[in-house]
Each structure stands twice: as C-alpha cells, then as structure tokens.
Protein chains: 2
Amino acid sequence: MTRVRDLSEEQILERIVPLLPRGSATLLGPGDDAAVLAAPDGRFVVSTDVLVEDRHFRTRWSTGYDVGRRAAAQNLADIAAMGARPTALVTSLVVPGDTELDWVTGLAIGLADGCAPVGAGAVGGDLSGGPFLVVSITVHGDLEGRPPVLRSGARPGDVVAHAGVRGWSAAGLALLEAGLVRTPLSTAPLEVTDGVLLEDAWERLVAAYLRPDPPLAAGVSAAQAGATAMLDLSDGLLRDAGRIARASGVRLDLDAGAFAKDRDALHSAARAVAAATGLGDPGWGPGTADIDGLVGRWVWGGGEDHGLLATFPAGTELPAGWTAVGRVQAVGEAGPAVTIGGEAPADQPGWDHFRA
Amino acid sequence: MTRVRDLSEEQILERIVPLLPRGSATLLGPGDDAAVLAAPDGRFVVSTDVLVEDRHFRTRWSTGYDVGRRAAAQNLADIAAMGARPTALVTSLVVPGDTELDWVTGLAIGLADGCAPVGAGAVGGDLSGGPFLVVSITVHGDLEGRPPVLRSGARPGDVVAHAGVRGWSAAGLALLEAGLVRTPLSTAPLEVTDGVLLEDAWERLVAAYLRPDPPLAAGVSAAQAGATAMLDLSDGLLRDAGRIARASGVRLDLDAGAFAKDRDALHSAARAVAAATGLGDPGWGPGTADIDGLVGRWVWGGGEDHGLLATFPAGTELPAGWTAVGRVQAVGEAGPAVTIGGEAPADQPGWDHFRA
C-alpha cells in the first residue's frame, strides 16, 4: 500500500493531474505558476470553501472520492447561487504523510465527477503535508452577460422557490451517527438495530450527506427566468432564508406544507434513528420528543443540503426543478425575518463552525 | 482576552471584513455566495497556495500579521511570475477555537498590507474551526492583454535574470532556529550567544523569512520587456531554475559570482549560526563544514525567497530591479539542467513537503 510520504510532491501530482478535467474555459492548465481561464464577458465569479477532517467529514464514513465529490459540489453550488455557470476550480490539499495514495487519487476522481455535470475544469492546486486533512477549494464561474443574483434583491410580493433536496443531509448524518447505514470505510460491521434492514431510501439520504448533488443547472435557469435573489442552502433552511430576508429588508413567509415532499423517507429514517438512540438527542438539540419534531428539525434546521433558495417576481413561470414554497412580505419595524405559515418558527439551531 | 470560540462565525467576520482592501477590480465584495471580479481582457490568471502551522510557519516566531503578509506575498508572487498584475485574493482560514481574536485580525491586516503595493483586493473567504492553523489563499491577476509568461519559453542565447533577494529567507530561518533573533511571539527571552548583539542585517534576513516582500512590479515589467520564461523562486534557486530548463528543453548556466551581492550580511549570519550551533547542521543537510558552504546552501538551495527568475532575449535592456545572472544554453542528450559557471552544481536539497 502506497502512502503519500513514500512519494515526492511532484510524484503525487503526476498521479493526480491526469485525473482532473480540463474544462472548456481553461486556457492554461496545471504546471506553471498559475492557470489562465477565460472570462468571456469581462467578469468572473469567485468563491471559496474549506472542508476540515472531523468537522466537515470523517474518514470512517467518507472515502476520498466522497470528500472530493462533496468539496466540488458545495463550492459549485455557491457559483450556481449567483446565477453563474461554474467554469473551473483550484484545490489546496493538506494531507498527513500516512494517508493512502488511493485516498488522494480518489479525491481527485471525486472532484472530477463533481465537476462533470457542468463541464468545469480542475486547473491547479497546492499540496502540503500536515497533521490532518484539509481540502480548500476556490471555484470560478461565468455570468454569461447577466447581472449576478444577489441575496439582497427580494421584493414584497415575490414568490419564494426552492430547488434540490430538503433535510436529506441531516437525516443521512443522523443515520450514520446511529450506526444504521454501512459506509465503505466502516472498520467494523455495523450492528443492524432490531433487525431493520438497509433501505434504498436511507442510502439516498446518507449519499446526500456524503456527496451532495446540488441542482447546479437550476442556478443558471433561475437567473435566466429573472430571479430577484438567490442563495445556496448550506446552514439550514430557516437560517439561510433569514439571510435573504435581512439582506433584502423583507420577510420570507414559507408554506408549512411545502417541504413535506420527502415525508415518507424522512419519517422512516426518523423512526429508525429514534429507536436506535432511544429517542435521545442525535445532535439536534434537546427536546426531540417525537418523530415529527425530528423530521421538522432536519427539514427546517438541517445544514448542508446545498439546495438553492430564490425569489422570483410574482407570476414568473418557475423553471424546471423549482417549487414555490412561500411568499416575500414587507417587514414591519420588528418581527421575525422568516415565518412558517405566518407564524414565527420555534427556535432552530443553525450551523456555526465554532459553536456546533 | 477574546478567543475565536467566544464569537460566532458571523461576529468574527464582522471584525475581519472591514480590515480587508476592496481592490480596484472588485465589482462585488464579500457578503454574498461569491464575489464578482473584473477581467477586462476576457481572461484571468489564478493560483493557490496553502500555509500550514508548523510546516510553513510557527506561531512562536510568526505573528498573525506576519502570516498574513507572508500568505499574501507568496500567492501574489505566483501571479507576478506569469507577468500579470494581481487583482484580488480569497482566503480560507482554519483556526483552533482557542486562538486569540487578535491573531486573526492581525492576519487580516497582514493580508491587507501584503496586497497594498499592488492594489489587490481581499474579496472573500471561508472560516472554519480545526485543530491547527491553515491559511489557504487563491489569488487572481490580470494579463492586461499580454500573453502569460510561461516556464517553457526560454531559448538558447537568452539572458537569465533575477529580481528580489537571494538566500535571505533560509538565512533568516537559520537565525531563528539558532535563537539569534528575538521575535514578537517568543515566549521566553532568547539567549544571545557569546554576547553577539542583534544587527539590522540579521533582522532584515529574518523579516525576509517571516514576511517576504517579493518584487511584484518586476513581474509585469519583465513581461512588458519581452521575458521569454519566468517563475517564482519558492523551492530554491537551483531547483526552480531546473524547472525552467526542463520545461523549455534548455540548460540554464548561472554565473557563480552573480549572487554574491549580499555576501557580507549572509556571512555575518552564517558565522553566528555556525558559532551558535557548533557548526552543526541547521537544517540544510550534512557537510556544512564551513561558512562559505553554509552561505552557498542558503543562496543556491534555500527556499521561500520568492524572487523571480526570468529569461530575456539577448540584448534586452533589463527593467529596473532585474540583474543578469546567467545564460540559456542548448542542452545535449544528457547533462545537468542547471550549471554554475559551466559546472554541475553539488547536490542541493530542495523543499519537498512530504520529505523535508
């Protein structure tokens, strides 16, 4: 088994670089001091996101491939959320010397597969040793002549719409934490609680956590359809909806029933998690006393789904993949930035990297 | 004393973002899912570099400010080495919860000061907790209509030229390792060996290590003057010269005396380091048996000076800041990629992140 410390940096790069997609916007790829990318309309969009071992992934659950897919996906989603088409990313990787080379090449393949749906390139990076794994990605996109879709453009009367999954990632994490789904990297066989068998639905939820599949094309189509505001849902639906509300100076009133689409799969997972953990707290705060409550916490408070939330002028025909989930309202002097069916939601935790 | 774990991510960003320069190419700064940058000629240059605690810096020597300056400098140097003008950078920061907030704000000020000479912006980033410090920067630049200056364009007969310092960073690191220069973050008074006093020259060498000051303007001026190849000197002069040689299919013959400019300051440091360490090995391999040898290792093998090495057509009037240091020769079937005064150099260590 080859470990990264057995090879020089240049030897490792020789294994990685051929696995990476060039991308159609790449004028000069890896190998020089910098890459050169096309920016046909004279502007480009840029965003960066970092994944830290044991904060954003655990190697006992995530393969290198999973981490690559996830790192690509959550970065590409930030570009989509501006209404831009992702063009290329660069990667900084910190990797302990005893990491298997296969983990690193798997990460490269995961990056490539994450980029494939939008044809983005992986055009360079940096590699360093270190005591734990860190994957930092910076991603670029092309606005194709359109203005960027900011968080601040929502206006009273707009429709609130959603694309992507809701609550899946939090449910998948809870299933993993409860030991209910086996991952490739589990070192010991997981116990199957009460004889419950793996179900396809659970594996889909876990996959949504390990390697999210954001609705990247929906970002561009929303911009083309005239979206007034948009963001990537990374920290939980209510918390991120609040960001649009505050940036725009409005209130977002969400329909209580709009997110019930996956009720069956989420309830199946919630029942199993509650049984496996004795209805204890699977990481979403105290008071998860019933199944509906647990599902509600996943859907409204769960992070890292990487769907898109946007607002559109009333009467807009929503593009494929988008579902209307609420309305933008004028906000008074006070009151919550986000309501559910006109009511202030119960307090929901949101992800904070220093407090979670 | 405020530590980062005492604040939420948003509260920390509220302290950092106002410290960062906007930059003249920034169309949309921090606060949305992504930033928007101008790319007036329809292309942009991008590079990324990561700094890892205890690999690339040590908090007992480097303040947050130092690390910010250094991170900016070495990233900006990669853009300069393409002949481009740096426009903006984004930063991913991994920071343990017990880090002082002042360290993080110091880093932001260091980034800002590092960007100031070229007017680059700091337009966004990501912040995560983690068990040790990691600073990952991605930097962008504008080619202003020129072709990028690659490593592969050197031709026999070209002049080899250098801009920046040579050996200073390695000498500075050796002075720190020998305990001969006091830094702001030293937790105990350093012993001054044999009553040797601090000298300005030594502090300049240490500063070159802690917060390098690359010749950024020399990158653009070299491109304007018709440089045929160029790179940033990060891994040691001989090793990086070899990269131009191999990429271009030529040999670089360097003048033995061309790098003697700082002989006095480097010899002063080398004598002190040798005395303090009993002529032992300060990190540059065995056999450092004499002062000239130690200085030679710093100049020819020392990394992280972040000067620029370029080739120009014979007869080119070198721009300000550039010194001719050798000639490009045709390379035969075999033989070294780099020679010094026509001779193959003694084996020199180069920086490898998994072997150093």
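Using the three backbone atoms N, Cα and C, a Cβ is placed for every residue, glycine included.
Keep in mind that TrEMBL annotations are predicted by a computer and have not been checked by a curator.
Per TrEMBL, the Mg(2+) 3 site holds A:Asp33, A:Asp78; the candidate it also names there, chosen from A:Asp158, A:Asp213, A:Asp232, is A:Asp232. By a Cβ separation below 8 angstroms, chain B lies close to these of the binding-site residues A:Asp78, A:Asp126, A:Asp235: A:Asp78, A:Asp126. Mapped onto DSSP helix, strand and coil, the domain 'PurM-like N-terminal' (A:31-141) counts 35 helix, 46 strand, 30 coil. If you average pLDDT over the domain 'PurM-like N-terminal' (A:31-141) in this model, you get 96. Counting only residues at least six positions away in the same chain, the Cβ atoms of A:Val50, A:Arg70 sit under 8 Å from the Cβ of A:His56 (substrate binding site). Ranked by CA distance from A:Asp78 (Mg(2+) 4 binding site), the binding-site residues A:Thr48, A:Asp49, A:Gly125, A:Asp126, A:Asp232 have A:Asp232 at the top as the closest. Counting other CB atoms no more than 10 Å from each candidate's CB, the binding-site residues A:Ser47, A:Thr48 peak at A:Ser47. Sequence-distant neighbours of A:Asp126 (Mg(2+) 1 binding site) (same chain, 6+ residues apart, CB-CB distance under 8 A): A:Thr91, A:Ser92, A:Leu93.
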